[in-house]
Every structure is written in structure tokens, then in C-alpha cells.
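Novice: Before we start, here is the structure in question, set down as C-alpha cells.
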Amino acid sequence: MSQDFMDPELFADFIVEAREHLETIEPNLLELERNPGNLSLLNDIFRPMHSLKGASGFLGLNAINGLAHKAENILDELRKGNIPVTPEIMDVILSATDILRTMIENLEQTGAEGDVETAPTIARIAALLEGGPLPTPETPSVPAGDFPAEDAPAPGGVAAPPAPEPEPALEPESEAAPAPPAAMPAKTVIRIEDLPPFVPDAYQLTSIGEGHMADFMEEAREIIERLNAALLELEATGDGPNESINDIFRYFHNLKGNSGIIGHKELNGLTHEAETLLNRVRKGEMIATPAMVDLLLAVVDQVEALISAIDVGTSVATPLDIRPLVARLKQASEDGYVADPDAPAQPEELEPEPEPEPAPEPEPAPAPVPQPAKDAPASNTAYDPEDVAVFESTIEQQITYMTQALAGLADDPQSKEMIDGLYRALVTIQNSSGYMGLSDLKTLAERTAGLVDQGRKQDLPFDLLLDMLRQECSILADMIAAALPKLRAAPAAPAPAAPVAEPAAQAQPAEAPEPAAQPEPDIVAAPQPEPEPVPEPALAPKPEPAPAPKPTPAPTPAPKPAPKPAPAPKPAPAPKPEAQAAQGEAGKPKVSSTIRVDHEKLDHLMNLIGELIINRNRFAMLARALEEGKTEGAHIGQQLTETTYAMARISDDLQDTIMKVRMVPVSTVFSRFPRLVRDLSRKSGKEVNLVTEGEETELDKSVVEVIGDPLVHLIRNSVDHGIETEAERIAAGKPPVGRVWLRAYHRGNSVAIEIEDDGKGIDPAKMREVAVRKNLMSPEEAKALDDRDAIDIIFMPGFSSAETITDISGRGVGMDVVRTNIKNLKGTVNVTSEVGKGTKFTLALPLTLAIIDALMVVVAGQTYALPLDSVSETTKIEVKRMTEVNKRKAVTLRGEVLGIVELAEILELPRAEESQEIVPIVILQDNERRLGLIVDRLLERQEIVIKPLGTYLSEFDMRGISGATIMGDGSVVLILDPHEIYMMSTPGSRSKG
């Protein structure tokens, strides 16, 4: 159906409503599977499916209408208690929702439902309603390497041919179960060479714009996080409750569906195979073992790599070789267990799945059921009686609307409501006729709809068109009246019944025409429905070769055998040029970042904007009054003050609300680390538990997006070099299982993130020794360092105290990069450690990168801003109270010996005359260290906007400066970096800055 011939508002409303219905149906289906007796749930599923059927019928979306109607039928039988809730029925309905979702996406993107195969699912529903066995392709019926195409649209509008079944879970069940056991002894071997060859060329994905692809990426990453967490939970609970398996299954299912929509072939195929494996676990045919969890985690990693290889700006995908994982997944599904990865599934047996050989069974060809009869005359075309009934009901409805609209136009020729109603009725008749293959009727309806559309667009007087429209509509009604009896008398389409009849005679060969294997030879990795989907015999408009059941001598599965496995690498270089070609030149579109916002926050923002406009008008009124000299100075001054206060209140509220909008919980980044620790623990041979605290703490989204890598590095170091081996821990009197804490909490106007372990700690003496040995500092400088500064050497470039380099991490290697990355976020990172007790890294990050509170100070006649978060206190001290300790000024303040330095000296500015008896001091707090800075004058506390320093300043020594801000009078003030100021004040540490 074309969007061009539908009222745009109606079209958009339908898409939104259809999505809402599907979002209601799917979770309820999964819940119903857990609670089969819940009639309330059944009603909650039936109602939206019924609404979807009705709305699609009204709009003439016949493919959606037909499938929704079938799904509604089986749901009605479940409601009446005529059939029980079984996994097969849930699979079929989920399959239907998948196809419906794909068609809805097609509607939104292209304005048409698309060539999506619905016949296999309709056939399975019919089989279930009749109580017969499901159409069940034998496991061996699909060659090991053939990936049938998903029913979702292929990229660039390449219609995925006869896609066997978009839905996962179609593992034949009940009586079909004996078939797999029979195949198991034969032990089919899935070999990588038998799979479609890997093609490294980048290709274009289907996207309705950058925003759509960004949404896909964001949702995919969320699903990956959930998959990691769910798989770790499954591993911890053993075989686990059915809910865990269902959750994991649903996540892969969603990824499969979403990737099918955008046409990502590798992602679609890989997730389908994982889904197929999980479906067997759901049905109790397999057990979730640690080996299976490992395999699925490897799949998740590959999924993440595939997603990362998508260029969001151009919607170009760089393929990766998924065949090794696909082979393992297929082999596991085939064998009924996950083999040890150390024993590759490549036995000597020559039993790859036989290639379907053309069998003399071409008769199904002329009986295309699904969507074919698009141009065929009604007289000699076979129709599904259900399609005929839906068409008749829809057409009668539209003729009524058409008649009412013509009558309304006779009374009011310019009635927009009647004109639009007539147009919609004609368009619905046009599309319904096209679907049924009534080409003459479709042409006339299209021509008449075009006439109405032209009239309303050009604002023609409809009283002049009315006679012509009546005549055209009368002819249309006569043609419909003549066509309906022929449709009713037409032979019923055999498609739905054919699959059911499959078990009859020597079924296997003729039965499993798996059409999808054949039509996709060139679309390499559009893997989809495993063998388990419906056989779709009558589905293949082109006669499908029936796979010979056991042609052992024919180990010729994939037509392109071993030459192709050679491109085993993952050649990123090849795709890049293509990506650039698709892109054009360097004028690459900027990738937007999205954020989800509560509706209430947006409402509050709108209210504030309203207040802002009112306040602006007050300023304009005051300006006018001043110009006209209508008010006295005192009165106008008071009004200006009040208006300014109001403006300050509104701007504060605006800032606060915007900050809240940008805030996201750190759980979005913390969630990836349980998986990381689990993998590191296995790799290092140590048992390590990760404890997370404060995941609900919120940070600016721009900060959360970039702190992941530094945290990964710190956690790797803690596991690899902080935590001891089990034997070492027991010898030290510690529990055998090491612990790493990852916690976040608010600290003033910043957020602190701590990574702490209970390992062996960092030895300051060893740090000094290594620093000297590596010529990072002289022995004298090393000796002058206290223990805290000695431990801080870990952040010096090129430093590593590791005796051996591991492939996980090296203590100290890259820690300077961690500090640099955190510094770029206007944050700090510090380390504290106690030998034998453990180590703690503390990151202090600003709540936002845009606005901070600062203390303004004057030094050598220039104003500087010090972030208030780093200011412990301010005071004034008599110069005579200062003493000298280790050639540095110090003062005793409330029992604490505090080092004192002149800020002018650190910044290499002219020093003020030393005639002052009392000097202002700003006490900096750098984590647990404090330092007193002598300044010339203390100004006020002020909120400032941070502006980055220009790149042209990089050639100058800008140490100690983190940015700049613009004051109210237009002057530029430099913002000091408290941590760097502290480091510059310590002679032995200056090289670290």
C-alpha cells in the first residue's frame, strides 16, 4: 500500500497505534507462556490483535490484515479453551508479531508493506487450528551452510525472498520430536567450508535517516548490556529458571528483528542461530551449561563488534566473518549440546547436510498463495477463502464510505471532511484490488483517487467534478459487484493446507522445500530461520528443489566450497574505502547523540520558557519607559532589580532542569563490568567477585559516555595485578576469592567513582626503585618523595612495575593515559594503597562539563577562576606565622602542618611586594592532600561557563590551566586546574604533570 494515496495523518496514526499494539502483545505472550492459565492475559493479547486487524482492514493493508486475522483466530480458540497454550503456539504468534512488526517498519520507511512472506506462518496457524501436526522440516532438510533470508526487508529494498520464518522458536515440537533423535546418531558435522563464503565488502543498510540508525544502535547496545547481565546470572544459577532463558531468548529475538529491519545480514543471521539454540533450551530439549553460556557470550561479543562496525552517519555496515560462531551454534543445535571449544567441530565424517537436489516436484510453482496474484485476473487465480472474506468485508465498507462522501459533497461541494473521506475510500479500494490481483479495478480506483487528489490539491470546485466522480464511482461499484462472485467461486489456495499434508507420504524429500535456501545464493549472510521454520512448500512461486533426505554421497553442500574460506581475516581495510565511497568525501555527516527524557521535565522546560518570555517582555517595557522618560529613576531602578531577580531565578531553574535532562545513571556504564571481571577472572585463573555500589548515581551523559575506557583499564589492573592468586591469598590469611569494588557517590558538586581491590597493594619502595631504574627521576628526587607521592609515580608515562607483561594488563602501563582522559573531562584521578591490604583509585568527575561554581582570585593583577569543588576553605594568615620545612613554606593551621606556595610563583608571574603582613590563602583539596595558595586578593564566588582553550594555544606552556570563561563585562578569565597546580608545586612530581 502506498502512503502517497493515504491521508498522511491517518497513516502516521496507524503506525503509532500498531506499534503500541505489538508492544502490548509481545511481553504478554512471554508472560502467558509462564502462566498458561491466565485468561486475563489472553484477553490483553486478543484485544490489541483484534484492533490491529480492524485498523489494517480499514486502510486496505491486506497483508497485515490477513496475518492479524489468522493470529486473532488462534487467540480466540485459546480464550475459549478449545486448545491449550503450548510453546508451539507461542512461537507461531511471536512469529506473526515479528512479521507484523517488519511490515509496519516497511510502511514507515517505504510507504508499502513490502514483500514479506506471511504464508508459512499462516500455514502453521492453520495446522494448529486444525489440530494436525505442525509443518516440520527435518533437521537435515537445510544444508548446514545455507542461511535462509529473514522475512525482514533486505537492505536497499532488496526483498528477502521466500524467508522461511522470521520468528525464532519454531523448533518442531510434540510428535515431530522423534525426528531429531533419529538424526542425532548420524551426527551431522557443520563445517565452516559448508557455510556461505564470507564477503568482506561493506554494504548499505536500510535506514530512514541518521536518527533511525542512531536509535537502532542505542537500543542494540542496551540489549547487549542486558544480555551480558542475563547470561552471567544464568551461569550463576545453573540451568536457571525459565524466566532467565526466556529473557535471553527475547533479547536475541529483538536483535534479530531489529537487524532484519535495517538489513544487517551478518547480525541477523548470527542472532537467529543463537535464538534457535535458545529455543531448544526453552523447550527442555537442551540444558544451559557453562559451555553454552561461554558460546552465547562469544556471540554477544561478536554482536557488539558488528554493531561497532556500522557507520551511523552513512548507514554503511562493515561485515565481519561470523561463520565460525554460526558453525558452532548450528552444531550445538544439531547435537543437542555445546561441544568443548577446545575440540573444534570438524570431525572427519563426510556427513555435511546434503544439498537440496532438484526433485521432480515442480507442481507447487503455479500455486503461489501469499502475495503473488498481484496482476493476475481473478478468474483463474487461487485465493485463500479468508483473503476473499477480508476483501469483501473491506470493499463493502469502502463503498458505504464512498456513497456517504458523494452524498455529503452534493450538499457541500467543498467539505474537506467529505473530500478526504472519498479519497481514502478510493485508495483503500485501489490497494485491496491490487492485492487480490484485480488489475482493472485497481486501475480505475487509482485513476478516480488521483482525480480527487488533484482536485483537492488545486482547490478545484468539486461541484464541477461531482457528476464525473459519481459516474466513475458507479462504474467502480459495478465492477466490484461483478468481481465478487468470481472471487467466491475461485479455487481455494492450497498453500496453507499443503504444509499440513506434508507428513503424509515419504514426506521428507518432497516436504522440505525450504525455499529460502535457494533464492538467496548471492546474499551471502542473510542467515535466518533455521531448519525449524515451516517448510513452505506451496510458498515457493518458483518450484523449490526438495532436499533429498539422505544422499550421503552428495557432500556438495555450499556450491562455493573451500576456495572462499581463505578470506578468513576480518579485513577492515577493504570496507573502509567502500564506506568512504558511499559517503562521498570527507564531508561526513555528523553523528547525533540521543538522550531519553521524562515527559515531565520537558513540560517543566516549556513552562520556564513561558516565564522567560514574560520576563523578556518586562525588560522591553522598562526599556521603552526609559526611552520615553515616563518613570522616575528610583522607580525604574526598583523595577529593574525585581526583573533581574526574576531572570536570575528563571535562568537558575532552566540550568537545573537542563542538567537533570542530561543526567543519566552510571549504571549504564557499570553494567558492562560484571562480564569483564568474569572474563578476566577466568583468563587469569583467579576467583574474583565484583561488588557494585551507587549505580543510581547520575552524571552528565557526555561524561558517562567516555569514562568506560578508563574504568576498564583500572579494573583490568586490579584483577590482573592487584588480586593475588588463590594460594597467595590463603597464605596471607585472606579469603580465597578476591573482591573488587566499583562504587559511585556524590561528593559536593562532583561525583566520585572508586575502584578498590583487596589485593596486595602497591609498595612505595618498589615504585621509587623502578622509577630510578627506568630513568624517570634521579635517586635524590625519588628519595625526597613521601609514600603517597611515590605511589603516584604509577601515573608517569612509560612507568610499569610489572615483572611480567600479561595479555590482560600491565600495572602502570597506560595509567598516564587514564589520568589524561580523566583530566580531559575536567576531573582528577588519585590512588591510595596499603601493602598487603589493597589499592583504591578514586576518580572525581564534575557533574557537568559546561557550568561550574568557581572562586575568583587576583594574582599579579590578573583574575583567575579556581573550581570551588577543589577549594577546601579560604583564610588569611600572618606572614610571621609561616615557617620553613624542607625548603618550603608551611604553617600550622588547627593542628595541621599545611604547605604554602605562592600562586604567582607557580604560574611564573611577577610577585607582589612582600610588604603585606597578612596574606589571603586559598586551601586546595586534591583528594586527601591539601595545599595553601597565596593570592593577592579573594573575590567572590561565581557561576561560570567553561570554554575550552583554542588548539592554537597548544604550542604554549599551558600547564595549570584547564580552560577559560567569559565574564559579564566581556573579559576572558583563565580557569586553573587544581590537581595540576598541586603537582607543579611539588618539585619531585613536576615531571608527572
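Every residue gets a Cβ built from N, Cα and C, even glycine.
Here the structure is a predicted model, which means the values were calculated and not measured.
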Novice: Which one of these stretches, 131-183, 237-289, shows up in TrEMBL as region 'Disordered'?
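Specialist: In TrEMBL, the region 'Disordered' feature sits at 131-183.
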Novice: Looking only at His50, His253, the modified residues on record, which one has the least crowded Cβ, with the fewest other Cβ atoms within 10 Å?
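Specialist: It is His50 that, of the modified residues His50, His253, has the fewest other Cβ atoms within 10 Å.
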Novice: Express the distance between the Cα positions of His253 (phosphohistidine) and His50 (phosphohistidine) as a whole number of Å.
Specialist: 24
Novice: At a Cβ cut-off of 8 Å, and with pairs 6 or more apart in sequence only, do we get at least 3 pairs between the domain 'HPt' (205-310) and the domain 'Histidine kinase' (596-849), yes or no?
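Specialist: These two segments touch.
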Novice: Under DSSP, is His50 (phosphohistidine) part of a helix or a strand, or is it coil?
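Specialist: The residue in question, His50 (phosphohistidine), is helix (DSSP, three-state).
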Novice: Could you give me the DSSP helix, strand and coil counts for the domain 'CheW-like' (851-987)?
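Specialist: Its residues fall into 23 helix, 75 strand, 39 coil.
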Novice: When the domain 'HPt' (380-483) is classified with DSSP, how many of its residues are helical, how many are strand and how many are coil?
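Specialist: Helix/strand/coil tally for the domain 'HPt' (380-483): 90 helix, 1 strand, 13 coil.
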Novice: What is the three-state DSSP composition of the domain 'HPt' (205-310), stated as helix, strand and coil residue counts?
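Specialist: Result for the domain 'HPt' (205-310), in helix, strand, coil order: 85 helix, 1 strand, 20 coil.
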